[in-house]
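Only one structure is covered here, and it is reproduced in the block below.
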Amino acid sequence: MSDFVHGDQADVRHSHDVKHPHDVEAQSDDAKGDAPPGFEPAVDSDSEEVIRARELQQKSGILRSMRRGEEWLDEKMGIETQGIDRIHEEDKKPPSIINAFFLWWSLTCHVGTLPIGVLGPEFGLSLNQSVAAIVVGTVLGALCTAYTGTLGPKLGLRAIATSRYSFGFYGAKLCSVLNVVIGGGFAVVNVVVVGQILAAVSDYTMTLAVGCIIIAVIGYVVSIFGFALIHTYEKYSWIATFIILCVLIGQVAPYVDPGIPSLDTGLGFSGSFLSFLAINFSSASGWCSIASDYYCNYPAKTKSYKIFFLTLFGISIPTIFVTVIGACLGNAAVSSSVNPVLSTAYTDHGLGGLIRESLHPLRFSKFCLVLLVFSVLGNNIAVNYSSGLSMQLLGHYFHAVPRFIWSFVNALVIAILAIAGRQHLSTIVSNFVSLLGYWTVSFTLILLIEDQWFRRKEGYNLLVWDVPSKLPWGLAAVLALLTGYLAGGVTGMAQTWYIGPIAAKFGGFGGDVGIYLSGVFTIIVYPPARWYERKVTGR
């Protein structure tokens, strides 16, 4: 792959034309082969990040043993050992472009998405109002993920590594931490849901903790095999879940009452609607910091609009489908006059009990529940994989530790948190998921402004992706992110434990407007701050 990427290729707006500033003379005509117009092959050399990591592994006996263990697992089982290294054009192994669509079906079309929809009726919204918030919030959130995904093929870098061109080498570490927290939060929700389902299958004789451990272990084992297996698994794993969910909505439909009105009017209704919309936005935008992890193996000449729209629809369609079913389940659960059995099952046993009573007959219900358990694997596999990469990006010592070790630590922490919070699923979803949006909207806008404004002409020097002295300082991006989160998110958030002064204007429970305020403050702060940073540092 060429080591310098520009943003003004004539035939495709916003895609990247390439020029090679270093070592062009060293390339032979034969080496260029059938490369696309404007591309020069890269010099085959290890990056500074890789060299430092290998040096540390040689000096430390523990790290050396871990590296040998990783190589042994690769030889015997074919696990991925590449880690965060930039993928050169000649080393890429792209899956079918349609995988960019079906990948997201497996990540979002699963039982762990249902609790988000259930919150609509719990917030006092009618079914129609819940559906409206689901559609609008999901599409807006998916736009964030769709855009950040387009950077993967162009640069051959993982998502957080790409952010170094805005946040700098050290500022991107903050993004790494936030990315791990985000992924962990989603995974905790999934694991708790699975625990409830397995408890329901066992007639509530199995504790939730056992179910949490089972799914955490399975998700980790599959995740260590890396990019190739994940893409293959995600391409097909959603099909059975889709069929079961269609059966579920068909059987629960008689108990859904669209005529149940909203519990609030005026500002109270506005607050509930805005808060639920924010949760749906965060659910779809939460993928923005990992999207290019799964696209960096596509060729740099891949049309950006293909990645963008395949991602947009790949996230929006299944997420809306499953979340709306969740809203219908929530509607049936709160309308105890229609079917008190469903209401009691949800109150006593959570989502697992509600699904068990919604499907019938009982044996068929249990069979479907077992299959739904495996539906969350696609999501948790991706979380473990990307979290391991994010941990490696924290520094040379972190990079020296193999990804499968970090993925194990991540899976262990997720299991512990899920067990600790297994009785509070709705609280976890409503409080945690909406918080994600404050950072994801700022992260997306910073990368967008950097890519389309500051680097539209000069592009990206890919030789320096891991060289701190050549990357931006990152002060402008960190300042914009923190300003968006603190000035916008904190003042506009509406959580059970805190309601910001602006959010408090929307009724007694407040209305979550933190996402919109975070976006506004980021747009106001980042352009002038980045302009001044470039003027002072020249980077």
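Even glycines carry a Cβ here, placed using N, Cα and C.
What TrEMBL lists as compositional bias 'Basic and acidic residues' is 1-33. The region 'Disordered' annotation in TrEMBL covers 1-48. Marked as transmembrane segment by TrEMBL: 96-119, 131-153, 174-198, 204-229, 236-253, 273-295, 307-334, 364-383, 404-422, 428-450, 471-493, 513-532.
Residues 102, 105-106, 109-111, 318, 321-322, 325, 328-329, 332, 342, 355, 358-360, 368, 371-372, 374-375, 377-378 of the same chain, all 6+ positions outside the transmembrane segment (236-253), place their C-beta atoms under 8 angstroms from a C-beta of that stretch. Proximity of the transmembrane segment (273-295) to the transmembrane segment (131-153) is established through 3 or more Cβ-Cβ distances under 8 Å for residue pairs spaced 6 or more apart. In summary, the transmembrane segment (307-334) does not lie against the transmembrane segment (471-493): fewer than three C-beta pairs, each 6 or more positions apart in sequence, are under 8 Å. Residues 130, 134, 149, 186, 189-190, 193-194, 197, 231, 233-238, 241-242, 245, 276, 279-280, 283, 287, 294-295, 298, 302, 306-307, 310-311, 313-315, 317-319, 321-330, 333, 351, 355, 372-373, 375-376, 378-379, 382, 425-426, 429-430, 433 of the same chain, all 6+ positions outside the transmembrane segment (96-119), place their C-beta atoms under 8 angstroms from a C-beta of that stretch.
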